[in-house]
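Heads up, the thing below is written out as structure tokens.
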Amino acid sequence: MTRIILILTATFFACALGASTGGSHPLRPWWNALRSSGRIVGGFEVPVEEVPFQVSLSGVGSSHFCGGSLLSERWVMTAGHCAASGQTNLQVRIGSSQHASGGQLIKVKKVNRHPKYDEVTTDYDFALLELEETVTFSDSCAPVKLPQKDAPVNEGTCLQVSGWGNTQNPSESSEVLRAAYVPAVSQKECHKAYLSFGGVTDRMVCAGFKEGGKDSCQGDSGGPLVHDNTLVGVVSWGYGCAQAGYPGVYARVASVRDWVKEVSGL
């Protein structure tokens, strides 16, 4: 119980202290300024045992390019822009703090991208990956909880994002799993911030500090945004990485619970 209290206290202060502590797109002319494939900026190294649902997605015989979240023994959720329906030769690594070694390496049997995924607006940025083999659960490999349908994310809620992406700091390796705490931003505030880019939809949730400094970045896309071991969002897009005035934008998992159940039974 003491450890739980200490972790919760540390989490609160991580969000309260804020930033002081610490690919091209053919249909969007401004896509290079935005990052559609998430990395943790301003975060800290984290053992996979603290985020045992974290998944690394790669092509068979190639390197990590997106993150994901383990939902069950056979299902992983990632971003729609990370994997297209019908795509083959994908694999996931689960249960390792390194994206290139350790843990369980399992091939993807089938990619189910959300049928309403929009490449222009990045709306419905979800994909469910069915695995060829059953995952063996352990301290370093366990599923994340799914939220209730349309569950709200209250402004200021302290959320954790994790992945192996670009840290924007040459002294910090992105080979090792990293995480950062970021507060949820109101839908109204986020929509206003991104109005010149078309705004955000009800399938999106935003998180980050007004002053910037902590965020996901290139390479983290598809990875988890969690609160209380529940998958709140999927790393999706944003303007730059950890830019002041531009919170990270995540695909809101609670908005597609019916689809998740229809496809995976979860």
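Note that Cβ sites are derived from N, Cα and C of the backbone, with glycine treated the same way.
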Original post:
Per Swiss-Prot, which of CYS206, CYS217 is disulfide-bonded to CYS190?
Top reply: CYS206
**OP:** Give the helix, strand or coil assignment DSSP yields for CYS190 (disulfide bond).
**Re:** helix
Subject >> Top Cα neighbour of CYS66 (disulfide bond) in the set of active-site residues HIS81, ASP125, SER221 >> reply: SER221
**OP:** Round to a whole number and give the Cα-to-Cα distance in Å for the pair ASP125 (active site, charge relay system) and HIS81 (active site, charge relay system).
**Re:** 6
**OP:** Within 10 Å of SER221 (active site, charge relay system) by C-alpha distance: pick out those among the recorded positions HIS81, CYS82, CYS190, CYS206, and say none if nothing qualifies.
**Re:** HIS81, CYS82
Subject >> Euclidean distance between Cα atoms of CYS82 (disulfide bond) and CYS190 (disulfide bond), Å >> reply: 23
